[in-house]
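Engineer: If you look up TrEMBL, you'll see 67, 154 marked as active site, charge relay system. According to TrEMBL, the active site, acyl-ester intermediate annotation covers 178. Summarising the annotation, TrEMBL assigns domain 'Amidase' to 52-506. Annotation source TrEMBL lists region 'Disordered' at 1-23, 132-156.
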C-alpha cells in the first residue's frame, strides 16, 4: 500500500511547483498541502505547474481539487484502484476542461474509495483519508491512530482537502451520497446536482444511472460559483439534460422562488420535514442542532410542514441492487487484456486461457469492496434473480421518485405526471439530517478486515440514497453542534429540491448557513 502511494506521488512530484526557485512565494493552499497532506492523505497527486487558459474567468481566484475518478490529461486517474494504477487519460473530462476555461487553478487529484464504492474512504490503494476536522480544545489534527476519524466516502479526499484549506473547492462524484456524506463529516458544503445537469463525459463510471458530478466547497458562495461554471449542456454526454429541459426547470424554479427569495424574510417558503428521515439509527445528538436551525428558519417566516415519503424504507436495498448491477456491467471491461492491470497466470499453470488471465488480473486489480459489489450485481442480473431483484428495484425507484413529486409544489420538468399539489399543500424543499451520526472512527491498522465492512458501513447512506435514486439536487450544509450530548464533530443538514432547482436549494442553504 505504501509503495503504491509513493509511486503515484513520485510521478506527480517530478513536475510539481518549483519550490526551489528564489522567486517562489508559497500560497496558503500550497502551505496547507505541504504541512497537512502527509497526515490527512487527501491529495494523491499534486498538479504540475500550468499556464492558465484565462486570467479573467469567473474562477480565476479559485483553487480546485479533482476526484481521482475524473479524467485529467496531466495527472494519473487511478480511481484509487490497482486496476488503473498506471492510467493517465489523454484528455480532460468536460468538467475539468470547463474549470480550466473558467480560470480555476487545479491543485491535484483527491483520494477516494476504489471506483467510488465506499462510505468511509478506506478502500483505496492510497490508504485511508483522515478527517482534518477536530473537536473543541484540539489544536491540531488528531495524531493518535485510535482517535482518528473517517472523512467519509467515497469522496473523502475531496472533502478533506477543502476542510484542510488545500483548496477552495473540489469536484467529485456522488452516486448514493459520496459528496454529501463526506461534506457532513468534514464540516464543509457538498452539492449533488440534479442527475444530468453536469457533464459525466470523462468520468470513470460506477453506476451510470446514478453517477453525478458535483461540488464540495468551503461555503455556499464558492460551491455555487463552481457549480455555475460547470452546469451546461454537453453534446458528448448522452445523458445530459437538453437546453430546453433546463430552461423549463429554471423557469418553474424562478416562479416559485419569486415570493420569498428576494425578501428580507422567508415568508412564503414552505419546508417539508420528512418523517421517515429520522430512523432509529439516527444519533440523538444530531437532533438538537437540527431543531435549532428549524426554529430559526420558522422565526424568519418559513412554514414547516411534516410530510411522508412512504417508500423511503426501501431506498437502501433498491440502491444497492441497482448500483451493484450497473457496476458489474461497467467494470466487466477491466479484463487485463484490453483495459486495466494485466497479470499472467502463475508459472506452472496447465493452461493459459483468456479466462484464466481475466481471473488473475481482476483478482489482483480489484479490492475487496469492489469484488463484493461485482458479485452482488452479477447475481442480480442473472436470469433467475433478474425479476426479483433488478426489476423490482427499478419499480421501487419509480415509486420513490413519485413520492417526491407528490410533495413538491414545483412541477417535475422531466415528467408528464399529474400536476403537483397546490401551493398551500406542497413544499418547496425538504430538510433533514445529512447523516445518522458524526464521523465514525477509522478502523485501526491491522484490525480484522470485516471491521470496516459491517452493515453499519452501508447504513451510513440511508439518508442520502433517496435523492440519488430520484435524481434530485441535494445539498449538505454544516451546522454547529450546541448539544451537550454531541461530540463536537461537524454535523450536516441536507436540503433537497425538485429536479433542476439547484438555485432554490442553494438559496435555502444560504439561509441555513447564515443561521448556524
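Glycine too: its Cβ is placed from the backbone N, Cα and C atoms.
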Engineer: How big is the Cα-to-Cα gap, in Å, between residue 67 (active site, charge relay system) and residue 154 (active site, charge relay system)?
Structural biologist: 10
Engineer: Round to the nearest Å and give the CA-to-CA distance linking the residue listed as 'active site, acyl-ester intermediate' with residue 154 (active site, charge relay system).
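Structural biologist: Checking the Cα atoms of the residue listed as 'active site, acyl-ester intermediate' and residue 154 (active site, charge relay system) gives a distance of 5 Å.
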Engineer: In the predicted model, what is the mean pLDDT computed over the domain 'Amidase' (52-506)?
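Structural biologist: Within the domain 'Amidase' (52-506), the model's average pLDDT equals 93.
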Engineer: For residue 67 (active site, charge relay system), what is the secondary structure by DSSP, using just helix, strand and coil?
Structural biologist: strand
Engineer: Taking only same-chain residues 6+ apart in sequence, whose CB is under 8 Å from that of residue 154 (active site, charge relay system), what do you get?
Structural biologist: 112, 113, 116, 117, 118, 119, 121, 173, 175, 178, 182
Engineer: Give the residue from the active-site residues 67, 178 that has the most other Cβ atoms within 10 Å of its Cβ, counting over every protein chain displayed.
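Structural biologist: Buried the deepest by this measure is 178.
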